[in-house]
Structure formats: structure tokens, C-alpha cells
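Reading through the C-alpha cells given below for one structure.
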Amino acid sequence: MAKKRIQEKIVNSRLLFPTILIYGALLMALRWNSQPQMWMQGLSIASTTILMLALNNRYALLRVYSRMVSIAYVVLSMLLLQEPFGLDETLIPVCFAAFFFILFNAYQDRQQAGTIFYAFCMMGIASIFRPQILYFVPILWFILIVFILAFSFRTFIASLLGLLLPYWLLMGYYCYRGTPSLIFSHLTAIIQPQDFFHIVAFNEHQWATFAALALLSIIGIIHFLRNSHLDKIKIRMLYGAFMVLQLACIAFIFALPEYVSLGLRLMTIPTAILIAHFLSLTHTWLTNIAFLAITILLFLLTLYNLWIPSSLF
């Protein structure tokens, strides 16, 4: 019987998930004094973690029993505890995770108009808090067509209605307050002049975090593409959707650097799924070294982000 490497022992341990949850809770507790509203970020991370767990369980994203998708998401989220956050950074990642959890249920079924409606309703809710999220909609339609294989006239109309439903409700609220014109000013925010590609607005913590997330994504993508023949066709399509989402998140960050904190939070979702596939399904001495290097890198980067101030601000 082959001796298990450190990577296999840790990744396959049932104690790893609760240990990481305690690790995350301790880090948030340490930041509580400097950021009294940390409970909002904690609630967002907890909700998204639950959705990631459900996503992995329902659609079998990994070929083996593993909680690595949720574990990776919690660890990556700790890199961003120091980033400014409000309602948009709190709720939008939850909406994105919920979107994919619902959307994947429509795989290869062009009659699932109801499912598509509810999925895009999540994006409509997200755009209420940050209208620029609507820039993702064409990419999500592309995913619906190419990877979910559920695009039809009915599902297209359902997606539009899902996007519009939160705005109909918001219009009712504004009419009740006597300020219906606010809904139009909210929507026109996406066509107002933006400070595109002004990447000098990034600080070194954001650059370091982006580089780490991009590196992990590249590792995960290369591993998946090399070994995708071992996965079912459906899983290949779902991972293809996450790869496209990752590219969209990167484009969002560089095109609208004003929202880099939000973009990095969104980027953690596909990164966690891609790197989880690598960590859970590799067993060589080289990947064992890579696992240890990734663990040390993320731990040191978390400490750097949380306790070493930026020299730019």
C-alpha cells in the first residue's frame, strides 16, 4: 500500500473543514475592533460558503468526497478581510453563488424557463446594489448558450424577466416614496462615463491578492484541461462556465478598478472551484510540494494583508 503524502492526509481529513472554519472565525474576531461591521462580511462569507458546499454536493464538481471547494473559498476570503466593504460587497458574492447553484439545474433543458428566471433574478438583485454588475449579463448569456445548453426564446425571455423583477419591486418602493425618477438615475449609472482601466488606483495589497488568485486559477485551469477526460461531460461544461466567469471577473477588475474590492471577492468563487479540483485530485510528489507552497503562500499573504499597512495610502 502506497504511503499517503501530506497533501492527501490533509485534504482528505474530515477535520479540515471545521478547522478552517475556526481559522476564519478567529481572523474575523481579531479584526472586530478595527472593523465593527465585520459581522456583515462574516455573514456574507458564511452564506457563500454554504452555497459553495451545496453546489459541490449537488453537482459533484469533484470526483471524490471532499469539502475542498468550500475550504478553498473560506481561505481565499480571508485574503480580503482588510478590504472596504458595504452592502454591495456583502450581498453580491452571495447572489453570484446562488445564481450558479440555480442555473446549473437547467443543464441541457431548454424548457427550464422557471429555473432561468430565478437564476437571473439573483443577478437582478445584485445589480440593485451595484448597477455595473449588469456588465456581466452578456457573459452569463454566453454561458447559458455554450455551457449550460439551455438557451431558447423562452429561457431568454425568462432571463430578462428575472433581471427586471427586482427593478419592478424597487420602482414600487420609489413610487410609494414619491421619487420614481430615482430608478432611472440608478439604471443610467451603467452608461455614465467611467474611469476605465485606471489601474494605478490599485494598492500593493490588491495587486498581491490579484496575483495570488490569478496564479491559483492558472494552476487549476491547466490541471483541469490536462485531466478533463477523467470527468463527465457535464462537469467539463460546468468548469468551462467557471473559467469564462474568471476571465469576466479579471476584465471587470481591470476595466473598472474603482470596484476592485468587489471584483476580487467575485474572483474568489471560480478560483476556489478551480484550485479545489487540483488539490483534491492530485497525488504526486510535485503536487505535494505545490500544496505546501500554496498553503504557506496564502497564510503569509493573509498576514501581510491584515497587519502590514499599505505604503500607498
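Here the Cβ of each residue, glycine as well, is placed from N, Cα and C on the backbone.
These come from TrEMBL:
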- 12-32: transmembrane segment (TRANSMEM)
- 38-56: transmembrane segment (TRANSMEM)
- 68-85: transmembrane segment (TRANSMEM)
- 91-108: transmembrane segment (TRANSMEM)
- 115-133: transmembrane segment (TRANSMEM)
- 139-170: transmembrane segment (TRANSMEM)
- 207-225: transmembrane segment (TRANSMEM)
- 237-256: transmembrane segment (TRANSMEM)
- 262-282: transmembrane segment (TRANSMEM)
- 289-308: transmembrane segment (TRANSMEM)
Select the range from 12-32, 91-108, 115-133, 262-282 that forms the most Cβ-Cβ pairs under 8 Å with the transmembrane segment (68-85). 262-282
What stretch of 91-108, 115-133, 237-256, 289-308 shows the most Cβ pairs under 8 Å to the transmembrane segment (207-225)? 289-308
Excluding the flanking five residues on each side, which residues at least 6 beyond the ends of the transmembrane segment (237-256) place their CB within less than 8 Å of a CB in that stretch? 59, 61, 100, 104, 107, 132, 135-136, 139, 142-143, 146-149, 194-197, 199, 210, 214, 217, 221, 224, 228, 231, 263-264, 266-267, 269-271, 273-274, 277
Mind checking which residues reach the transmembrane segment (91-108)? Cβ under 8 Å, same chain, six or more beyond either end. 44, 47-48, 51-52, 54-55, 58-59, 115-116, 118-120, 122-123, 125-126, 129-130, 133, 140, 143-144, 148-150, 155, 234, 237-238, 241-242, 262, 265-266, 268-269
